[in-house]
Amino acid sequence: MTQFLPPSDKLSHEKNVYHTVAHEKAALKLEQDLVLWDPQSNEKATIDPYKTLFIARLNYDTSETKLKREFEIYRKIKSIHLTHDKQTGKPHGYVFIEYEKESDMHVKEWRPRRLGGGLGSKRRDGPPRDK
């Protein structure tokens, strides 16, 4: 008498069918969400993205008051939106700061930190290490 063991995993053609179905479901959901998406109806959204500064990796204890105090020294702020989880109320750790004018977002002769520019202190103190 021959014993048959159940397969431990799906066969390769079953995996391909599963991935195809999952991809089609994700594409359909994306299309549906795109039809329903209306950025103009979001009262928390900024009006003009060219006036908006996005800051990530914030300390979760940071408040809007602290952010306003730190960033208003550069230019006049129109609005600050510190994002929170809808269910738990915990902060996500990023913020959108909208300035009054688009020109408030520009810093003369600014270059990214990776090209030797940037504003603020460096991430690491001391000389660079040899690799």
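Keep in mind that glycine also has a Cβ here, set from the backbone N, Cα and C atoms.
Per TrEMBL, these features apply:
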type	residues	note
DOMAIN	51-104	domain 'RRM'
REGION	110-131	region 'Disordered'
COMPBIAS	122-131	compositional bias 'Basic and acidic residues'
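Summed and averaged per residue, pLDDT over the domain 'RRM' (51-104) gives 90. Across the domain 'RRM' (51-104), the DSSP tally of helix, strand and coil residues reads 12 helix, 21 strand, 21 coil.
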